[in-house]
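Features of the protein shown, as given by Swiss-Prot:
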BINDING   42, 43, 44, 45, 46, 47, 48, 49  ATP binding site
DOMAIN    6-244  domain 'ABC transporter'
REGION    222-248  region 'Disordered'
TRANSMEM  273-293  transmembrane segment
TRANSMEM  521-541  transmembrane segment
TRANSMEM  578-598  transmembrane segment
TRANSMEM  613-633  transmembrane segment
């Protein structure tokens, strides 16, 4: 007596509700023993394919009990049913249902992939089966390169890769010529003799007669169940089960999903590119905006540093725009000398300025004459190009010595002509040139201005005839906080003046304000750029939904051969993330190209890239792939396998 393997009791299956309810199976009671070869026959609409789908756990009965090897299936989850299909069943379809992008070898190996079999073992087993079925020379052929009979043999090999304890064949010869059909039936007969349980659905009684048991359906009910002379029992085949919990199985599935993602992208190159385009533009915009903001911040901070690091500027009046500031004449050289005596002060320079005509020979230009102390160039960090700077002795002696900048040098002297020792007129005051400094790069005034510097005593006495200063520049020691130094300096000047008739400009405050403003603007523009990235993500979701719709049959095939819900979810999620990652990489490259073009065509804009920004771009593109790819992937994973298989 053979052991019962498949047991159906009171199986009913209906579709629709109410007036539209259609009864397809009506109380099927059936037991199929291990090692039997059963043919299910009947006219179209008799319910034989629906019964086969229930036997293969592709569909669930509306009522009744179905047990596989004693295990009740009605309460099993989708993943548990997938495991049951993978470990017990092998499917042979009338239309083969091979994946067109995969080779014969990879199609056969697909169920073993979901069973967790390692890559080399999976490949070797698939090759052995194909060689056994006469396809050893066509391992790498795609389905489109094979004949119908060869495709059906690939389908048979796929059914056997995990052991094929039960082979379910739905009209296996229906799409074949007579010779190929006879070959397929011969293979199925051989499998039966080897101990496999075969359930064959056909409408051809001549084919059914080759089975040892024939079950006839009519209008959803069994009307006949007759047996022929049984084939001598053979040992049941051993189902080869891999360790599905091993890391190798997960790695194999991830690798295969990655490969399938590349194949899907390559099959639709233009669509993939257009999908990526939104991500490319979004990532390029975000990275470029962040780089521009970072570059602008660095440039502004460099300009502030060019004014002098750790410096305080003291001006008369209550602030910029104070109309009474011109009348305030209390800022004196003595104040500068008092400030120089403070322990936390590094250097001090008085300052006053006026605009006059600079003349040398026939050359006459308008320039700015600055009366400063000997420490001015140290406070402001000017770089000496030629000659020397005036010293304390020159200040004391009211020396008529002048230091000029590069712009003045270019306008007053010929190319290659040395200015040192030459006399120029500052208005009507003759002064001897003793040095040349680099042009102003502070960014708080044009670097095209013409500037010359003379001792402040000379400017006050010989040129302007005044005793008050326009400003005092103070550089504090590096280890001293500017805010604390500002408080001390303000307190000293209030004591000297008896009133708050001055204001202090703290370069550190400017730096902080500009940094904060720049960060805010960068964030604002980056948020605008992120909108384009979100639009790109919506495009990815749209295309992935289209892809799921187009590949519904592929999803059904994967589920039929044992793919779990998580496997399908993983497959489509990897595709979405891969599209976004490649788009992110292209976006970063585009941003770098934009930076090169900016540097080449414009010196006013500097893009400063950072590794953090690039890594953040890849993180954002991956996140977009996960967020916008999850819904299409979940939709694919929740498909009903039989409905997916039946959809063209």
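Quick reminder: no glycine exception, Cβ is built from N, Cα and C everywhere.
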Extra residues within 8 Å (Cβ to Cβ centroid of 42, 43, 44, 45, 46, 47, 48, 49), ATP: 203, 217
Other C-beta atoms that fall within 10 angstroms of the C-beta of residue 49 (ATP binding site): 21
Close in space, distant in sequence - residue 44 (ATP binding site), Cβ under 8 Å, 6 or more apart: 203
Spatial neighbours of residue 48 (ATP binding site) that are distant in sequence (at least 6 apart) but have CB under 8 A: 40, 41, 42, 201, 217
Site with most surrounding Cβ atoms, counting all protein chains shown within 10 Å, from the binding-site residues 42, 43, 45: 42
